[in-house]
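The signal peptide annotation in TrEMBL covers 1-20. The domain 'Major facilitator superfamily (MFS) profile' feature in TrEMBL is assigned to 1-381. According to TrEMBL, the transmembrane segment annotation covers 65-86, 92-112, 191-212, 232-249, 269-285, 291-315, 327-350, 356-377.
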Amino acid sequence: MLMGLAIWSVISGLTPLVRHVDNPLLWLTVARVALGLAQSCAAPAASAASAQWVPAEKRGRAMSILYGCFNAGSVLSMALTPIFATELGWPSAFRSFAIVGLIWAAVGWKIVPARDYSKKAPAGAVSQEQSPNSNSKAAELSQELQAAGKASTSSVDAVSSHILGAAQGAYSSNAKPRKQEEVIERNWPQILLLCWTHGVIGWGFFIFGTWIPTYLDYLGVTNLKTAGFLSALPWAATATAAVLAGLLADKLQTGLGWSTVRVRRVMQSAATLGPALALVPVALGKDQVSVPLAVACLTGTLALQAFCYAGFHAYLQDVASADAGKLLGLTNSASTSVGIIGNLITGQLAGMHHGYSIMFAITAMLYFGSFCTWNLFMKGAPVRL
């Protein structure tokens, strides 16, 4: 990930040079594609590192803080880029962010410990070398709970979380079928659900990340600095809400005894149903939406979507700790593909009468559809690639 950061920072710093070459549009496209390829490692690497280093009961907080910082970067870029562009010229924005990226990559290279695969996991740590009997013990414990019939729903949920964790560990190391195709075939329904869920997240992220400034201009916000400030507000709310969602998720799990699956289900439900409802005013308002109402709706949408970091993203590590990086790479590809399609569709709609309202309505329906599928088909079962 740090290597990727260094590479995409160099690409960003060199991007302004395209204005000095023949066919600058072609070379700008090449630079942006190269930037995207370099950045593609970030999310899978972060997910794999979190799955290895962070205990399950703290993943909600860890992922929320991680992505909160990610969105804080969006806030800074949207707030600072107009200032750089008006005061120092637009190339200064690319160069400034490139310098910061290279410095941070160097710092990270020094302070982030490299994992030593030759050493065994410390005693008591979660590893892939769990006892072969952990699955049978978990099953025996489940049978005892059913026979007793006296445990409360919350207690059963809490124990079920531990059963799932034990079964996952045993499954990841000892329950390897003879044919890898059998594993993939058995996991495909859950993998498709994760790809669909991440696809909807990507649709919202790409749409709002790209089109908020243009939408504000459509509503009459023409001052560049004002547009930058208003465009940054939703992402500031996202960064704040992400951290709060992570703290809430961990509190529900460790403080109130909620099962891991229950916490992930509730967090992701908030991240889908909440944005669907928040978009209703701008979807129905057509051209009568005021700038304050539009900004409030967009801010609420992105703040509520931030709950996905304690929902979907933490859940992916819960059910696929051994393959978290690979699985997030797969779902992130689906997310990016859907986001690109969303941008193309929005580009066509933006020139139409009430086009933005149509786009918001489509986005709200996608969020609601994701809410339904998540609650109907999310199983909490281990997933392997």
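Just so it is clear, glycine is given a Cβ too, placed from its N, Cα and C backbone atoms.
On a predicted model such as this, the values are computed, not experimentally measured, just so you know.
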Of the listed stretches (65-86, 191-212, 232-249), which one yields the highest count of Cβ-Cβ distances below 8 Å with the transmembrane segment (356-377)?
191-212
Criterion met for the transmembrane segment (327-350) and the transmembrane segment (191-212) (at least three Cβ pairs under 8 Å):
yes
Between the stretches 92-112, 191-212, 232-249, which wins on the count of C-beta pairs under 8 angstroms to the transmembrane segment (65-86)?
232-249
Restricting to the same chain and to residues at least six past its boundaries, which positions have a Cβ under 8 Å from a Cβ of the transmembrane segment (232-249)?
60-65, 67-69, 71-72, 74-76, 78-79, 208, 212, 263-264, 267, 270, 295, 298-307, 309-311, 314
Long-range Cβ neighbours of the transmembrane segment (191-212) (under 8 Å; 6 or more residues past either end):
74, 231, 234, 268, 271-272, 275, 298, 301-302, 305, 308, 312, 316, 327, 330-332, 334-343, 346, 350, 359, 363, 366-367, 369-370, 373-374, 377-378, 383, 385
Residues of the parent chain within Cβ reach of the transmembrane segment (92-112), under 8 Å, 6 or more residues beyond its termini:
2-3, 5-6, 8-10, 12-16, 77, 80-81, 84-85
